[in-house]
Amino acid sequence: MIIVSTELNKISKRLTQDPSQPASQAMMYGAGFTDEDMKKPIVGIGSTGFDGNTCNMHLNILAGQVKGSITRGGMVGLGFNTIGVSDGISMGTEGMRFSLVSRDVIADSIETICEAHYYDALVTVVGCDKNMPGALIAMARLNRPSIMVYGGTIHSGHYKGEKLNIVSAFEALGKKVAGTITEEDYQGVIKNACPGAGACGGMYTANTMASAIEAMGLTLPYSSTAPATSEKKKAETLALGKAMMHLLEKDIKPRDIMTFEAFENAIRVILVLGGSTNAVMHLIAIAKAAGVKLTIDDFQRIGNTTPLLADLKPSGKYMMEDMDAIGGVPSVMRLLAKHNLLHLDCMTVTGKTVGENLKEAQDLPTDQDLMYAWENPIKQTGHLQILYGNLAPQGSVAKITGKEGTYFEGPARVYDSEEAVNKGLEANEVKSGEVIVIRYVGPKGGPGMPEMLKPTALLMGLGLGNECALITDGRFSGGTHGFVVGHITPEATEGGMIGLVKNGDIIRIDAVNRVLEVKISEEEVTKRRAAWVKPAPRATSGVLYKYMKLVSSASEGCVTDN
């Protein structure tokens with residue numbers, strides 16, 4: 001039962017109404033508060049906006065629109081910024097080690113300002129991959145009325161009649177190395193892949209997490225698919241004031257929404273849409289912050305009864321803007337509900353349940369081919385497969401859409417860093433039929449568990465994407481496609497079996513039986529383990545050093561507050 005709250009400023013009044021806090025009040029009056037403002041609820045508006053990348057460059061504008069809506073709704077909106085890392089910019093460089101780290105820095109910084117300044121509620125305006133889980137972790141920790149606004153997806157780029165996206169630019173390098181693209185066309189792809197503001201446009205990590213969070217009920221409906229520069233996105237920001245006041249009046253908090261059943265809804269949606277492997281660790285981390293027990297095995301359990309239906313990039317042909325045109329996530333959720341695969345009684349930030357929200361949505365159109373028919377799916381079960389075996393006794397995450405097959409066996413080609421594998425690919429070291437092993441790039445080994453999009457994109461561009469497999473204790477971008485297995489746990493730096501693999505060892509990847517193993521004898525394992533020496537840490541000070549000391553394994557969500 002939802003109780004109507006009569007004290008909407010019950011947190012901020014510690015500063016605004018307490019006569020023993022004159023200095024607090026003096027500073028607030030100095031910042032422009034009126035006597036009436038001191039009685040109103042204070043809503044923090046946290047933006048990850050910053051210049052120089054398409055995912056985040058417009059977020060401060062959206063945050064300004066949110067602030068206006070909050071003010072008109074009878075509250076005080078206080079804007080603040082936190083950081084972000086552009087995966088697209090840092091990918092393939094040492095800078096990528098800071099990407100996953102940024103998730104926890106975002107969460108910590110939002111928690112810090114909201115706790116220190118006694119905000120009654122929170123709106124987060126976020127864009128790139130780690131922004132969303134960082135914001136949700138903070139919301140769960142704070143447990144004050146909260147809404148996330150997704151910055152929105154980018155529109156497609158175009159060059160010589162071809163639709164482009166950010167992965168087009170990554171894969172163009174492989175084509176250049178292979179000699180299948182001219183320098184002029186290479187530059188043409190680069191300069192036309194990203195036409196303006198918005199997050200990377202396929203079912204990559206940003207759009208995956210936005211879809212998951214909308215399915216959980218922490219955004220307004222259609223937030224995940226509305227393009228960044230659309231009128232629909234602007235309308236979303238202008239609706240925030242009314243929505244937030246309703247949450248405050250009903251005292252609906254994130255943990256009322258972030259139930260185990262809500263996480264199951266989120267997983268179901270990203271599986272049917274073909275979402276990123278990163279969703280596994282991010283949802284586990286968010287669940288931990290919310291006090292919900294979620295494990296990698298829950299993804300497998302749900303995936304066993306969830307078909308892959310969406311023909312979205314990276315493995316398909318459509319973009320998120322196309323998903324928006326056919327009804328967005330609510331229409332997909334209506335389809336799942338018809339097959340009794342959703343929990344419809346979960347609460348959302350609209351103040352209504354999932355089921356009540358879906359009554360206002362439309363069914364998917366019959367004249368579209370983005371979403372396959374239920375009876376004729378792309379894959380009968382989920383594309384995110386949890387593999388175990390002697391290479392991953394604590395689990396790993398494979399992204400198998402079915403287009404690349406379900407079984408691969410071949411000799412290992414081992415690299416101890418992403419830089420080494422990229423050089424090897426550009427030098428044509430990798431041969432058809434091999435399993436590329438990239439290790440010492442896990443959460444502690446990286447440190448920071450960087451994404452391996454550059455090598456997988458090079459493989460695709462070289463024409464080896466369907467002829468090789470790639471396994472790693474690092475991560476993959478949502479833009480990765482091909483026969484790939486990541487999040488191998490334990491990681492090499494922690495003595496994991498992946499650190500003992502040698503060139504030529506036969507590696508077996510069986511997505512049907514969910515097995516990841518290297519075919520060597522126990523005697524050989526014992527011999528190699530005795531000879532193994534833990535490498536020196538790659539960070540000895542600063543944020544990467546702190547992260548390396550605190551971070552948990554990939555299977556546990558890479559959290560830093562265990």
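Quick reminder: no glycine exception, Cβ is built from N, Cα and C everywhere.
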**Q.** Identity of the [2Fe-2S] cluster-site residue among C114, C128, C346 (reference: C55, C200, source: Swiss-Prot)
**A.** C128
Q: Return the residue out of D87, D416, D505 that Swiss-Prot annotates for the same Mg(2+) site as D129, K130, E451.
A: D87
**Q.** Cβ-centroid neighbourhood (8 Å) of the Mg(2+) site, D87, D129, K130, E451 excluded
**A.** V85, S99, L100, C128, T205, A206, N278, S477
Q | Output field, [2Fe-2S] cluster shell: CB within 8 Å of site CB centroid, site C55, C128, C200 dropped | A | N53, T54, N56, S86, D87, G88, G127, D129, I154, G198, A199, Y204, A206
Q. When DSSP states are folded down to helix, strand and coil, where does E451 (Mg(2+) binding site) land?
A. strand
Q.
Checking the contact step here: among the recorded positions D129, K130, E451, S477, which have a Cα within 10 Å of the Cα of C55 ([2Fe-2S] cluster binding site)?
A. D129
Q) Who sits close to C128 ([2Fe-2S] cluster binding site): which same-chain residues at least 6 apart have their Cβ under 8 Å from its Cβ? A) T48, N53, C55, N56, G84, V85, S86, D87, G88, A199, A206
Q.
Just to be sure I understand the packing, how many Cβ atoms besides its own are within 10 Å of the Cβ of C200 ([2Fe-2S] cluster binding site)?
A. 31
